[in-house]
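Some notes on the structure that comes next.
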Amino acid sequence: SGESGAGKTESTKLLLQHIMNLCKGNSQLEQQILQVNPLLEAFGNAQTVMNDNSSRFGKYIQLRFQKNTVRGAKLSEYLLEKSRVVQQDTGERNFHIFYYMFAGLSLKEKEMYGLLDPSLYRYISGRFGTQDVAQHWKNKYQEVCNALDMVGFQEQEQVDMQAILAGVLSLGNVTFEPEESSGSVKVSEASRGWLKAAAVKVNVLSQFLCFVPCSPWSPSVSCCCSLFADARDSIAKVAYGRVFGWIVCKINELLAENVDPEVELREIGILDIFGFENFAVNRFEQLCINLANEQLQHFFNHHIFQLEQAAYKEEELPWETIMFNNNEPILNLLLARPLGLLSLLDEQSAFPQATDKTFVDKLNSSFKGNLHFQPGRGRVLSFSIIHYAGKVQYTAGGFLEKNRDTLPANIRGLFINSVTPLLSVLFTGKSLCYDRASHMNQGHLGRSQHSLMVLMERMYSSNPHFVRCIKPNSQKEPGVVDNQVVLQQLRYNGLLETIRIRRDGFSWRPSFEEFAER
């Protein structure tokens, strides 16, 4: 763990290499496990203000062993930041894979996918790199292609996947305008070419327009145009999310252990999850990320302080209790039922009339006087939470829509009947390795929370080792240590108390038998 840019992903890769090196077993499987990383990074990482290669999802890697040899591996992914596909803040980029494609595809291939100059695409904000950066991306694209081959993706699957990504970019350039004769909305004349490039037949998309209902509370044509734009963006996000989930599934099929089910396998799990984030503007995604970090911090406290000191008490050792910063009240604020922030968000998401403002009003009345909550000030609709790592102000715009995370049923039908075989597979559900139906009544954050709870249960039943990554400075500079930045992290992570408990405590714990024999 550690904040964004502290080195978690790089440490994970080194740890994996180290473990593989110690095993010296099935070399092909070990190579495949290591090859998975460039693939996941291309599709799941992006440049942010805090980190040029920031993981925008959490991953848990389970390595399965038989007699110290790796026999298989399984990957679980959490909370992919799909909103990045359609919107990035200043100084940030979309997922790496889009830039790699522009730099690495030949002219002929670009023509086949209908890709034009990268500066034309709204979803990558018209930003492209310098010549040096483009060369770096070209090399990275080659790495991705090699990884796809090694992981076992068929050539046609690779073509389909890139066709979907190119279609997502073109879809982002589709705009809408009022249809004067009927007072409804149509695809603007100027963007019909993009619609064609998005490989969705015009008549199909005009049908889709009829599927997005105009709200009875705001029936103006300009509002309908923005509703259609939202629906367009949700299609792009869902398509990208499904491609990412499919890649993870394919990886798991390849790495699954091939052993007799009777054989008991040991396991080492490595959790590399996005770090705590506090940007100039913090949205729904930052709340998801910071909630996950709050839970990890609580897990750390539970193991390092609570269990440890309980053991000393049980052994009746003379021991002066070490106080630590317990973040349980913050978790209660976020997760309590029926009045925690998460429950209130799901409740509001279920009301068609609810807005981000009614949600914030509800928070302000429910958490009045709570030490870890502050109502927003100023004109922007917001609220603040005092997390274990400090105060974060969240901009509430878009919270309900992102939590609903829905796709009109008719749109799903369009995907299922798509001319791109892979797209239809992704939406029939035949290839998806996770069952979302079991908690469909929850919002996006609720579903994410469900999968995180499963992960936490697994972690509580294991014997954990904590690798704390500390960020040396806030400028992304090598070889520079800013003492204040380091000290702040040591403080909020509870590492000063950890050092104390390690120093005053008992690091070697033989059993009575071992001790007597010695």
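Glycine is no exception: its Cβ is also placed from the backbone N, Cα and C atoms.
Segment annotation: TrEMBL labels region 'Actin-binding' over residues 452-474 (candidates 314-336, 406-428, 452-474).
If you look at the region 'Actin-binding' (452-474), the same-chain residues 6 or more away from its ends with a CB under 8 A from one of its CBs are 1-3, 5-8, 11, 15, 50, 60, 76, 78-79, 269, 271, 275, 292, 295, 299-300, 302-304, 480-482, 485-486, 489-490, 493, 495. Around T9 (ATP binding site), a 10 Å sphere centred on its CB holds 23 further CB atoms from the protein chains shown.
Around E3 (ATP binding site), taking its Cβ as the centre, 24 other Cβ atoms fall within 10 Å, counting all chains. On the 0 to 100 pLDDT scale, the domain 'Myosin motor' (1-518) averages 86 in the predicted structure. Per-site Cβ counts within 10 Å over the binding-site residues G2, G5, G7 peak at G5.
Sorting each residue of the region 'Actin-binding' (452-474) by its DSSP state yields 9 helix, 0 strand, 14 coil.
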